[in-house]
Structure formats: C-alpha cells, structure tokens
Amino acid sequence: MLGLKQVHHIAIIATDYAVSKAFYCDILGFTLQSEVYREARDSWKGDLALNGQYVIELFSFPFPPERPSRPEACGLRHLAFSVDDIDAAVAHLESHNVKCETIRVDPYTQKRFTFFNDPDGLPLELYEQ
C-alpha cells in the first residue's frame, strides 16, 4: 500500500511575489511561515500556512511561461477552500476589490459555492460547509 496521508502542500508560481504574498496573507488570511530569496535563481520562495497548517509553497521566477487559461484546460483546475459563511467571505473579498462570480448551488450536495481569481488568474473556489 502506498500510504498517502494527506496533501502536504500546493506549489503556486506567481509573476509578482510581493503582490501574491499580500493577496494570500492579507486578504485570504494565510500566515507566512518562512521565506527565502534564492539569488542564483532570482526567485522567492515562501511557505504559507492556513489555520496553522502548512499548505502553500509560493514561488516567483523571472519570466514564467504562461499556462493554458481556458476553463477546462488539462491539469490542475482550481483550489477550493471551505468556509462557514460564504456571504461574509464574498463580502470580505469584495471589500478588497476581489471580484467573485455569482454564488451558485451545487446540484448534488446543495452547498453554495463561488469562484474568484488570485492576482495571476489562478481560479480559487469558496465552498460553504
């Protein structure tokens, strides 16, 4: 048996490290656990935690190649975060000029959800518990 326990982290490459770090920490509520500038690669690496659990590895690299942006491009589609109150979460995001899609209802679970984007256009989802 392979023995997977849980997702350890998700790596995100940003075009502007400072902007993305501020978005994930100041707006979404992640905390910066550690940060290092790697001079040889002209690259930043930050480890971000959510509710005390390390979850995102945020990188910057000079001139990263673009990824396909069509809604159903092959590969990782989006990251989803659970929230207790989606209306309050959307209001918080919108107060920081983050545009959210209209809240929808999952026809299978009857739970409410919405999508928004990080500064580089990575789709993120809020899913009400």
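Cβ coordinates come from backbone N, Cα and C, glycine included.
In the three-state DSSP assignment, the secondary structure recorded for E125 (divalent metal cation binding site) is strand. With a cut-off of 8 Å between CB atoms and residues at least 6 apart in sequence, the same chain places H78, L79, A80, F81, F113, T114, F115 near E125 (divalent metal cation binding site), listed in sequence order. Residues annotated as divalent metal cation binding site in Swiss-Prot, with sequence analysis given as evidence: H9, E57, H78, E125.
Annotated domain 'VOC' per Swiss-Prot: 6-129, in sequence order, evidence recorded as sequence analysis.
For H9 (divalent metal cation binding site), applying a Cβ distance below 8 Å and a minimum sequence separation of six or more within one chain yields D47, Y54, V55, I56, E57. Within the model, the domain 'VOC' (6-129) shows a mean pLDDT value of 93, rounded to a whole number.
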